[in-house]
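Novice: As annotated by TrEMBL, signal peptide applies to 1-23. For 65-315, the entry in TrEMBL reads domain 'AB hydrolase-1'. Among the features that TrEMBL reports, active site, nucleophile is placed at S140. The active site annotation in TrEMBL covers D282. Look at TrEMBL and you will find H309 tagged as active site, proton donor.
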Amino acid sequence: MKKLFFILIAACFCACKNPSKPAADTATESSNTPYEIKTGGNKLIKVAGKYNVWTKKVGDGKIKVLLLHGGPGFSHDYMECFEDFLPKEGIEFYYYDQLGCGNSDAPADTSLWNIPRYVEEVEEVRKGLGLDNFYILGHSWGGMLAMEYLHKYQSHVKGAVLSNMTAGIKGYVAYAAELKKKFFTPRDITVFDSLDRLKQYDSPQYNDLLMNKLYTQVICRLPLENWPEPLWRAFKKANHTIYIQMQGVDEFHVTGNFKGWEFWDKLQNIKTPTLVLGGVHDEMNPEDMKKEGRLLPNSRTYLCPNGSHMSMYDDQQNYFKNLIAFLKDVDAGTFNADKK
């Protein structure tokens, strides 16, 4: 029976590869069908000449927003909460898994994991989606990517949101050290630093301290058992090769090609209306995000009072209220920047 099944499958395969003339005619007629084949908003876009990255359109509206997820090496998954807020306001948005992440191709070529190439990738995605005069929202590493993209391609962007991201790595590392002292006991620090020196990053003790003592305070201010499923999914799907090459093993030692990245002096060149959106309890220094807002010439700054790095979850109402207000103000021509 099994043999007969495989014979039938093989016959079908051959028929598909060598269709008869009528079948070819039917295929030709189908290709000329006067309607678009629906894919639920999913679209693959070619980048870097030969790789596919995954995108998905959600909602319909005049305001169009491209989301840049964080990581580096994460995926769009943790941003799925945007579906509950933007479409009902008439805002159309696009998920996009960066190369190496989520549903996109994951080549083994490590030369691809650098900021300049990702900037060009965003531009290829913009063209592939047919976006112009659009909005860009970058969260965490996506915020860094958005800054670099705006510096080169802001003529295509109507408004930008820099979500939960500082403009310099030096300050980021210094603040991470402060947070460790704040949330770890002296014994915790001794144990953590010892495991760090031994490079025991997979140690249950190391990860327990990181997740339970730090991440529940500055990444998502909820008990781990209450973390939203899309956030856990993004953690599980993360591409650690990209993360380590670009950032390093953790927040405390930036040893990858992010090392030395400072954008402070370039912020003045971004004229696009911009919202700096963060959390008071963020792993990014709130004072740095305020400084970011002051240096951007056409910006508004809002720090979610109850939010941390994932303010879209732990201070959801404030996060989306201010995001939506910004998008609508810019689109209506009523945006007013903060006084500098």
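Cβ from N, Cα, C; glycine included.
Have a look at these and tell me how they're positioned relative to everything else.
Specialist: Secondary structure at S140 (active site, nucleophile), as computed by DSSP, is coil. Residue environment of S140 (active site, nucleophile) contains 24 other Cβ atoms, counted within 10 Å of its Cβ in all protein chains.
Same-chain residues at least 6 positions away in sequence with a Cβ under 8 Å from that of D282 (active site) are, in sequence order, N164, V218, M289, L303, G307, S308, H309, S311.
There are 25 other CB atoms within 10 A of the CB of H309 (active site, proton donor), with all protein chains counted. DSSP assigns H309 (active site, proton donor) to coil in the three-state reduction, placing it in neither a helix nor a strand.
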Novice: Could you find out if DSSP has D282 (active site) as helix, strand or coil?
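Specialist: It is coil.
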